[in-house]
């Protein structure tokens, strides 16, 4: 007997025992503990574009097989595994009951999670992920099969009205669980009982569609366990507003306007839980929709806690399978048993299907069969044909029996699985709670760190701003103190100089008080202004003066004509006497105020005749001065030439920083005060009209010594009177007389 067995094993060849799409559980149904077999299983984890496929080779070494036969069969294990091809992992199992999902997940954790983003995925999570994927594969295969005839209303070619289709969906046990309406006249686009996955197939990219889908969770069946109540059925409806990505803007706007009308028509037959507008198939994700249904159920409190626990993807898929089986039974009765599915019978085709990612088969089982004689082979073929026919009949009946079988299995397993399910749910909830707590702690720490960092940055910014503000206040205080001190020194000197005369003292006191008041107000305004804008403000003043000059041109010409006439009469007398009085500074000069009027001993006796202006400067050198908005002493290089007062910050190179014309057709500069080393000049209007902003502007020059101050005074008076004489000169501009245009002055 042993020899015959050895011969049969040695002459046997590997052959296909079975193949399928139901994963580990379906594979386990084809195993027995008294056989030696080899299987290739495609294990998939993840979802969507992140699905990862792993190939697992399983050597089933039944412990009830005789030792000698088992040894000889195991000796050919390499040959069979080579036919199955390379695998990511190889497992050996000796008992059928050992081959279950938990065992596979525990043994394959490292292999299965090696390239999955969630490195910390647990075996329980892997098991649930695999079960959901297998269920989806089965549903997709059932949806794609046409073995029992068309499944949707359009494919059945049935003339069904919109009201009837909506009523079927509105009925919790109706033959349809989804319906789609077209936007124009709300005609039936299609209806079916394949759930969300089937409905998504009929969403056209160039249409706007309105529809409703029924979600059923749990089964209304009495419990087989004494003392336990029946599981409640939960039914929810979602209104779907589909906007195809290829619909034009005009048609989209026109059809979307029908949404409220479609919503009202659907609400007439069922209660809508919520509405979902979708622009792509990803917007109708099954897990996302069921999660929203669960959230609303918790918020509304309209169902019991038992009902809430049933709102899950697994419960929906189980309920959907029962609905499909019920409808399949009806279709089988209508179309007959000729629609039974056919199994693959070629070994290599089945192996290739398993090895292909997303292939139809996800497991294949091989075993050893003895080579038979031709007659035996013919008998074997006949037996195989009979077996095939029997299998086809079994599969044809299986579709009708699945619902009943599933319910019976559920009742049998329910009692034993309750404790395990409760423990698994507790562990899952505990793990979720721990993960949530850890995430909350991480977010709290991160928020605290961000808050601390932001507070530190705020304090640093605040400290920098306070330091900058303090420095600006210090500089402003210092500048104000220097200006005030300088002004106080000037006022003290004025008070001491005017102490000799009571009337002069009174006038000086009043002038000082008024000047101090004006000076305090001006200093307050000047301290707040930006020093960098001094030059821009001066240019703005000159532009305003030029504009004002145009407006006052008539009055200026009239005043100049009167002045010219008076000066012509005076010069005519001087010509007769042989020397013009304007060639030297006079004690009654209009360019000297009462304070700046010198004694007869210091009036220059220098005479001059009008002629071309000299290119050499009349006076040039370093002086201290106050002017403009920045009213403090500044050292500048000052030059008096051609009737113009100019100065530079350092040496007299390039264009001057500031330039004043001592006299022109509208305004003129006068010497307001000469005291010690200080010379105060003031700009005034010729006709006492103060419309120009330049009128009233002051400049104080401080010479190194009183003698130097006297020289500057004489030079200024000479330039002022000379330019004024040229303005009033009675003769023509040509000939021996000077041309005032050489001084940048337009003849009035």
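Quick reminder: no glycine exception, Cβ is built from N, Cα and C everywhere.
Annotation source TrEMBL lists domain 'ADF-H' at 1-109.
TrEMBL lists 377-456 (among others) with the feature region 'Disordered'.
Taken from TrEMBL, the feature compositional bias 'Low complexity' applies to 377-387.
What TrEMBL lists as compositional bias 'Basic and acidic residues' is 388-397 (among others).
Residues or ranges marked as compositional bias 'Basic and acidic residues' by TrEMBL: 404-429 (among others).
What TrEMBL lists as compositional bias 'Basic and acidic residues' is 436-445 (among others). Proximity of distant same-chain residues to the compositional bias 'Basic and acidic residues' (436-445), defined by a Cβ-Cβ separation under 8 Å and at least 6 residues beyond the stretch ends, is recorded for none.
As annotated by TrEMBL, region 'Disordered' applies to 476-620 (among others).
According to TrEMBL, the feature compositional bias 'Basic and acidic residues' maps to 476-493 (among others). Sequence-distant contacts of the compositional bias 'Basic and acidic residues' (476-493), counting only residues of its own chain at least 6 positions beyond either end whose CB sits under 8 Å from a CB of the stretch, comprise 512, 515-516, 519, 523, 527, 626, 631-633, 675-676, 678.
Residues or ranges marked as compositional bias 'Basic and acidic residues' by TrEMBL: 500-525 (among others).
According to TrEMBL, the compositional bias 'Basic and acidic residues' annotation covers 532-573 (among others).
Taken from TrEMBL, the feature compositional bias 'Polar residues' covers 601-617.
The annotation domain 'PH' is assigned in TrEMBL to 616-721. Residue counts of the domain 'PH' (616-721) by helix, strand and coil are 16 helix, 49 strand, 41 coil (DSSP-based).
Non-local neighbours of the compositional bias 'Basic and acidic residues' (500-525) in the same chain are 480, 483-484, 487, 491, 494, 631; each lies 6+ residues outside the stretch with a CB under 8 Å from one of its CB atoms. In the predicted model, the domain 'PH' (616-721) has a mean pLDDT of 85.
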